[in-house]
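Accompanying notes for the structure given below.
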Amino acid sequence: MSRSGKSLTKYKIVFLGEQGVGKTSLITRFMYDTFDDHYQATIGIDFLSKTMYLDDKTIRLQLWDTAGQERFRSLIPSYIRDSRVAIIVYDITKRKSFEYIDKWIEDVKNERGDENVILCIVGNKSDLSDERQISTEEGEKKAKLLGAKIFMETSTKAGYNVKALFKKIAKSLPEFQNSESTPLDSENANSANQNKPGVIDISTAEEQEQSACQC
């Protein structure tokens, strides 16, 4: 329950992609603003929940982290089924992970049909520019072709564009459609939320790289 006594609106976000692309790191960076250099593959499905503040509104995000290994694929459709947002992550240094985006999008569409689900494609590990195999332009083109609403490149290691990604996603949710607040309202609300433990305030998050588009 929120402090006003009203239940927070909850949005389920499912993270999809091949093993090792950085799905867990993306969640960890957003939740705790940390990065773990020691890779551990997700076993099955992990779940985390976080309260997020934006535009004088507070919502609850349910983040579902799925395993990329083939042996866990049979578990994933049931978690896609009632999701509001599907984030498909690929590694910009691994072309194979990029080529599998089509399959993940197909899985989402098979489970969600024509329902209103927000598709996001994220190219992670943008800090590894010397090892890049997929250009930003190629990623943007793929996102538009597959009907993704959001495309962005991130670096969970460096912290680039992670909060900006979630801000862009939040702005696409029904809760924030046509949401307006004055600078004074935002300043006062931001100050108040700084004292709320466990709440992520993304009001001031901005894109840090020229590698994002609203598709």
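Note: Cβ is positioned from N, Cα and C throughout, glycine not excepted.
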Open item on the list: Of the ranges 39-47, 75-83, 156-164, which one does Swiss-Prot flag as motif 'Effector region'?
Closed with: 39-47
- [ ] Return one of helix, strand or coil for K23 (GTP binding site), based on DSSP.
- [x] helix
- [ ] Starting from the Cβ of G20 (GTP binding site), draw a 10 Å sphere and report how many other Cβ atoms land inside it.
- [x] 17
